[in-house]
Amino acid sequence: MPEQTFSDPSTPRDGTLPNIRELNRQQISGVMTSLGQQAYRARQLHQWLYSHQARSFDEMSSFSKRLRQQLADAWAIRPAELDTVETEPARRSMPGHIPTSKFLLRMDDGELIESVLIPSEERMTACLSSQAGCALRCTFCATGQMGFRRDLTASEITDQAFLLDREAWRLYGRGITNIVFMGMGEPLLNLDNLFEAIATLTEKEYNFNISERKITISTVGLVPEIGRIARSGLRSKLAISLHSASQTIRERMMPVAADYPLDALSTAISAYNGETGQPVTLVWMLLEGINDTPEEARKLTRFAKRGLCKINLIDYNAIVNLKFRPGYSDTKTMFIQRLLEAGLLVTVRKSQGATINAACGQLATRSGNDD
Ligand code: SF4
């Protein structure tokens, strides 16, 4: 399988000055105020860093030479860097199939995280991470097996989008059209940084400038944070990994579900529907003998109809050494049929990237980031 490595992990990065990209907008304002600058200069600095992707203060031509020097004396600019790219081999047996690419990115402190480009005829979707590792330990997930390492900063979240957009142009000749936060980590456990990253990525005057509606936030179903998103005014889409409408099965797959019973989750979904006027997507990964039964289809139907919900069935990318296996396709057909007959809106996402370990956490795990 084609793999390209871009950076040498044994080469230390210049760490003598603090990295200005670790600062959020408020902290950037604080820096500029401390230098006696007016508020609009802080906005300009943010724009240089995140719209123009400046790699040095010398590039910031709207600043005086003195200000550029003051900044360069105190700060360095060290964005995330591309470490490794793996592109799935083309599948001749699948006409129209466009290979998925997976990226390992190196953060300033050496932490490795992963992001995925999922191309289709109409879209170029970037699947981004929100945390390095994850504390929630879902039993089907490679990232969950790594444990939690740390939250990503807003800058590290946006850097994934910038780097993947550049790579999308290089590999596929077109840029990112959609973003999903379904990579490493639970985005709702890093909500402040996620909000700030989305604000930067959707900033109208900036070069990247994607619409909030083209961004999907995916969660295992953290009830208080779903309420926070609903009240935030954010117009991005919300996807909830349901995977089972039986409390005991859900808890077995996602231990954190014990804190948020299905009734509480359903109430949160209805409140979200009411506040935003938008549906929620219930993500369901069919697992043989676990959640592909007629009883589960019936329970899912009942749960989905309590709110405004769509169903997204996904293939499971089999993870080595884990006990689950993807649902069989005849079982899947029966399952889909039952949902459709019940009047639910169902989409089916075929497995992409299984041959490049594209289930979240698998590339980072293999690269030894789980020490
Ligand atoms: S599925 Fe998501 S929330 Fe669960 S362990 Fe993996 S990264 Fe964390």
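Just so you know, glycine gets a Cβ as well, placed from its N, Cα and C.
Predicted automatically and left uncurated, TrEMBL annotations should be read as such.
Copied over from TrEMBL:
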ACT_SITE  Glu114  active site, proton acceptor
ACT_SITE  Cys360  active site, S-methylcysteine intermediate
BINDING   Cys134, Cys138, Cys141  [4Fe-4S] cluster binding site
BINDING   Gly185, Glu186, Ser218, Ser241, Leu242, His243, Asn317  S-adenosyl-L-methionine binding site
DOMAIN    120-355  domain 'Radical SAM core'
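Within 10 Å of the C-beta of Ser218 (S-adenosyl-L-methionine binding site) there are 21 other C-beta atoms, taking all protein chains into account.
Remark: of the recorded positions Glu114, Cys141, Glu186, Ser241, His243, the most isolated position is Cys141 (fewest other Cβ atoms within 10 Å of its Cβ). Proximity to ligand 1 at the level of Cβ atoms, with a cut-off under 6 angstroms, picks out none of the recorded positions Glu114, Ser218, His243. Among the binding-site residues Cys134, Cys138, Leu242, the residue whose Cβ has the fewest other Cβ atoms within 10 Å is Cys138. The Cβ of Gly185 (S-adenosyl-L-methionine binding site) has 30 neighbouring Cβ atoms from other residues within 10 Å, across all protein chains displayed.
In this structure the alpha carbons, written CA, of Ser218 (S-adenosyl-L-methionine binding site) and Cys134 ([4Fe-4S] cluster binding site) are 14 Å apart. Between the alpha carbons (Cα) of Leu242 (S-adenosyl-L-methionine binding site) and Cys138 ([4Fe-4S] cluster binding site) lies a span of roughly 12 Å. Among the recorded positions listed (Glu114, Cys134, Cys138), Cys134 has its Cα nearest to the Cα of Glu186 (S-adenosyl-L-methionine binding site). Reported as a whole number, the C-alpha separation between His243 (S-adenosyl-L-methionine binding site) and Glu114 (active site, proton acceptor) equals 23 Å. Rounded to a whole number, the distance between the Cα atoms of Cys134 ([4Fe-4S] cluster binding site) and Gly185 (S-adenosyl-L-methionine binding site) is 5 Å. Rounded to a whole number, the distance between the Cα atoms of Glu114 (active site, proton acceptor) and Cys141 ([4Fe-4S] cluster binding site) is 14 Å.
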